[in-house]
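Undergrad: Pasting a structure here, questions to come.
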Amino acid sequence: MATLIRSKISNVATSVSNKSQAKVSGMFARMGFQAATDEEAVGFAHCDDLDLEHRQGLQMDILKSEASEEGAEPPVEGDIHYQRDGTGPLPPSASKEQACAELSGQGKPRITAWEAGWNVTNAIQGMFVLGLPYAILHGGYLGLFLIIFAAVVCCYTGKILIACLYEENEDGEIVRVRDSYVDIANACCAPRFPTLGGRIVNVAQIIELVMTCILYVVVSGNLMYNSFPNLPVSQKSWSIIATAVLLPCAFLKNLKAVSKFSLLCTLAHFVINILVIAYCLSRARDWAWDKVKFYIDVKKFPISIGIIVFSYTSQIFLPSLEGNMQHPKEFHCMMNWTHIAACILKGLFALVAYLTWADETKEVITDNLPSTIRAVVNIFLVAKALLSYPLPFFAAVEVLERSLFQDGNRAFFPNCYGGDGRLKSWGLTLRCALVVFTLLMAIYVPHFALLMGLTGSLTGAGLCFLLPSLFHLKLLWRKLLWHHVFFDVAIFVIGGICSVSGFIHSLEGLIEAYSTNTED
C-alpha cells in the first residue's frame, strides 16, 4: 500500500512538473524570435506568419502531460498534431531534450531597445524616401503636414497593435496571449471565421512584399537609364538586365549573407542621403520658397498620400520585434523616438530637395543631380536595390509556400518539398516565375511614384491605419477610454478615405501611363 501511495504521489508530482515546464516553455516560445538586420526589416514579415516552430514544443508538452493525467497512451514520436486553429499535422519533432533546450530560449539572444529602434528605422527610412520630394511637388505645405501626421498615426497604431497581443488573466496580470499580426486578426474574426482574418493579413502582406520587389526592379532600371542616357539601352532593357542578376534569388535557402551586404548598403544609403542634402544646401541661395504653396493638385495629391504612407509601413513585423526585446516595456519609448527622428529627417529631406529643384522635381530625386555625381550615387543605389530585393522576395516565397503548399490538410496544392527537404523542380519553376512576374510588372508599369502610391494606398493604409484601429476596438473596446475610441474611429475613417482616394487616383494614373506607353 505504501508503495502504491508513493507511486501515485510521484505521478502527480511529475504531471505538475510537466505542466509548469510547459507553461514556462510557452512563455519563452512566444518571445523567441530572432532579430534581423535587413534593410527594410521584411525578415520579420514572414516570421509574423511562420512562427509555428517556436510554439510546437509548447503544444507537444501540454498534450503529453494531459495524456499522462487521463491515463491515455503517450503519443508516438512524430504523431502529435498542432495547428493554429486546432487541426492539421505537426512535422516530426526532435527529442524531448532538444525541444526543452529550444523552448528555454538558449542561444536566442534578445535585442535592446536601440537595436529594435535600428530595425524600425531601417523599415521606415529605406530608399523609398527618394520619392518624398515628388509628394511635396503635388502637396506643398500640406504634404509636409502629412509627413508629420503619418508619423504620429503610425506610431500610435503600432502601439495599439502591440496592445492587442496582451490580455488580463484571472489574477489581474497583463500577459501576452498572441504572437503575431495574424493571431490578432484571427482572434477578431473568431469564433465564426477563425482563420479569415489571418488570410486577409497574409494576402495584404504578400501584395506589399511583391510590390516592394517590383519597385526595386523599377528603380534599378530608372536609375541606370538616367545615369547613362547616352548609351543605346532603354529603361526596360536595364530592368531586364537587373532581373537577370536577380534570378539566382529563386535558389535562396537563407538570407544570412545577403543580410550582411544589405546592412552595409543601408549605411551607404544614409551617406547618399547626406550627400543629397549637402548638395541642396550648397544651392540654398537659389531655393524656390515661392513654389511651395498651400494649394494641392487634387488629381495627384492622393497619390502623394500613398507615397508617404508606404514610407512608414512597419506594423507587419512589430509583434515579432516586440516579442524579441529584452525589455518589452521600452517598446513605446522606442516607437516614439524612431518616428520623431523619421518625421524630422523625412520632412527636411523632402523640403530641401523640393526647394532645390521646385517644379523640375522628378519621381526619384537623385535623377535631378548633376551628371557628374548622378552616376556614382545612382550606381550605389542600384547596388542597394539589387541586394535588398532578395529580402521581400524570400519573405513572400515563404508565406506562399506555407499557405499554399505546406499547410497540412489545408494546403491547396501538393507539398513543393520532397522527403529529403529539397525543393522540387516545379517549386523552383514557380519561384523563377515570381521573379519574371516582377520584371513584367516593372516593364509594363515603369512608374516608381505611381506604383509606390498604389501600394501605400492599398496595403500600407490597410496594415498601418485601418486594421490596427479596427482590431483595437474589437478586442479591447470595453477597457478603452473615450479618447482612445475617438482616435481609433477617426483613424479608421480618415485612413479609409485616404486609402480609397489614393488607390483610385493611382490606378487611374497607371492606366493612363500604360495607355500612353502602348500608343508610343
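Each Cβ is built from the backbone N, Cα and C atoms, and glycine gets one as well.
Bear in mind that TrEMBL entries carry predicted annotations, made automatically and left uncurated.
Annotated domain 'Amino acid transporter transmembrane' per TrEMBL: 110-506, in sequence order. Among the features that TrEMBL reports, transmembrane segment is placed at 142-166, 206-225, 261-281, 301-321, 333-355, 375-400, 428-445, 451-473, 485-504.
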Undergrad: Check the transmembrane segment (142-166) against each of 206-225, 333-355, 375-400, 485-504 and return whichever range has the most CB pairs under 8 Å.
TA: 333-355
Undergrad: With CB pairs under 8 Å as the measure, which of the listed stretches 301-321, 333-355, 375-400, 428-445 comes out on top against the transmembrane segment (485-504)?
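TA: Between the stretches 301-321, 333-355, 375-400, 428-445, 301-321 has the largest tally.
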Undergrad: Where among 206-225, 301-321, 428-445 do we find the most Cβ pairs under 8 Å to the transmembrane segment (375-400)?
TA: 206-225
Undergrad: Which range wins on Cβ pairs under 8 Å with the transmembrane segment (301-321): 333-355, 428-445, 451-473?
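TA: When the Cβ pairs under 8 Å are tallied, 451-473 comes out ahead.
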